[in-house]
Every structure is written in structure tokens, then in C-alpha cells.
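Features as listed in TrEMBL:
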- 1, 13, 35, 61, 90: S-adenosyl-L-methionine binding site (BINDING)
- 2-176: domain 'Ribosomal RNA adenine methylase transferase N-terminal' (DOMAIN)
Ligand SMILES: C[S@@+](CC[C@H](N)C(=O)[O-])C[C@H]1O[C@@H](n2cnc3c(N)ncnc32)[C@H](O)[C@@H]1O
């Protein structure tokens, strides 16, 4: 059974802790903030003391921190099915996208804080990036991020900030049964390649791969994809996350990788 005692909140980049304070006031029993800037530590430490240990503070860079340390600091030793994790972040835009990709990789491997089974994330992004994350196959904003995130999470825009701010709050709920069923590094490699030239069809992008891999390998890929009913005349943006998994599987089954250069 799920109850609020099992709720664990992680906030990244809390700054002076205004949002942190409001969250604690709702009675959250276990919360961790990760803040890079030491100037905010006195205010956060004060909040922690007032919270009677519900709040713990880690000073560090979220891109570098060992996520196991977050669980250890929260004193979550045994990750049970009943735990719920809510991740909240309003980070500088230049780190929010690399962090999201890093988190999706961790989520796919269920490592660090993402071992917890029920996961919701409320994250602020630049409006344009938020639109890409939630874009479906009918949207011109469909991108590598849409495919990657939607293979692991249900994504929706929950709030559009007033136009002067140019930001949107995106909510991600980890899928109980992720669409992603291939290794994420290979999946990312394939998605990255196909979105590199999104105006071309899958067929012409496969043919262009002869610059990087052998003609025989390209032929094997085309045959494999045809057998899996992938419509090669489509542009990459029209493929669903599930179809990209099938494309990746053909790469994996044939032990083919795409060299970066
Ligand atoms: C836009 S402010 C948001 C502050 C607060 N959360 C709010 O909504 O008012 C971004 C915060 O993220 C922190 N920050 C920036 N990069 C960080 C990183 N790599 N790891 C942890 N915190 C970071 C900054 O020091 C700052 O406090």
C-alpha cells in the first residue's frame, strides 16, 4: 500500500530554499536538496534544522554527484515497491538537458535514486526544449529527446510560464513497463544518427550509412528493418519510440554500431 510516509523528494538547485520550504510545509517526511552554490548553504542548513531532520542538504554538482550517495544520505537502505520518489528541479537551462539524458540512462538501468519504483519528475525547461520533450509523432518539434524520454516516461507539459520567462514545467512519470527494451546506449546512438538529418527518409539515411559502415552491413540492416515492418519511406520524426526500439534491435542483432565520425 502507498502512503505519504513513503514519499521521498529530491530537489536539485534549491537556491535559498523558497520552494523547499513550501514542500516541507506539506509534511513531506524525507527530502534531500542538492545545491552547488555554497552561498545558499546557511539558509538551507537552517531549514534542515527547523525540519527536525526531514530535510537533508548535499552540497555538490548534480552532474557529478554519485546518486547512490543521495539514497544513503536519505537513509533509504532498502528500496521497496512502496517507495515513491518525486524529483523537482529548476536548474540553469544549459545543464537541464544533459542532466535529463543522464537521468534517462540511470532510469533505464534503475540505478541510484531511480531504483525506487514509483517515480515522478517535475522539471523546468526552456520552452522550446519542453516542447521537444513532449512532442508526439505529429509534431514538428519531435526530436531525439522526445524519443528518448517517451521510451521511459509519460511526458506532459503541466505549466507554461508567462511569455517573458520562456520556460515550461514538464512532468515525467516513469512508465511501469518501459517501451525501451534494448540497451540505452545503442538506442541513443541510433536515435542520434537518424535525427542528425531529420529531413531525409529512413531509407536514404540507411544508404548514407555506407560512409561509416560496409555496404553488406547496410544491406543487412535494410533487410532486417523490412522484416520488422518499419516503413523506410518515413522521416525519423514519424517513428514512435517503440519503432526506434525495433530499429535498434536490428543494429544489435547484427552487431552493428555507428562510428561517431
Ligand atoms: C534558476 S536557480 C533556481 C532556484 C530555485 N530552485 C527557484 O526555483 O527559485 C538554479 C539553482 O540551481 C543551482 N545549480 C546550478 N547548477 C547546479 C548543479 N550543477 N548542481 C546543483 N545545483 C546547481 C544554482 O546554484 C541555483 O541555486
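Cβ coordinates are placed from backbone N, Cα and C, and glycine is handled just like the others.
Taking the features listed in TrEMBL, we show where each one sits on the structure.
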residue : record                               : Cβ neighbours (10 Å)
13      : S-adenosyl-L-methionine binding site : 21
35      : S-adenosyl-L-methionine binding site : 24
61      : S-adenosyl-L-methionine binding site : 11
90      : S-adenosyl-L-methionine binding site : 17
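In the three-state DSSP classification, residue 61 (S-adenosyl-L-methionine binding site) falls within coil.
In the predicted structure, the domain 'Ribosomal RNA adenine methylase transferase N-terminal' (2-176) carries a mean pLDDT of 92.
According to DSSP, residue 90 (S-adenosyl-L-methionine binding site) sits in a coil region rather than a helix or strand.
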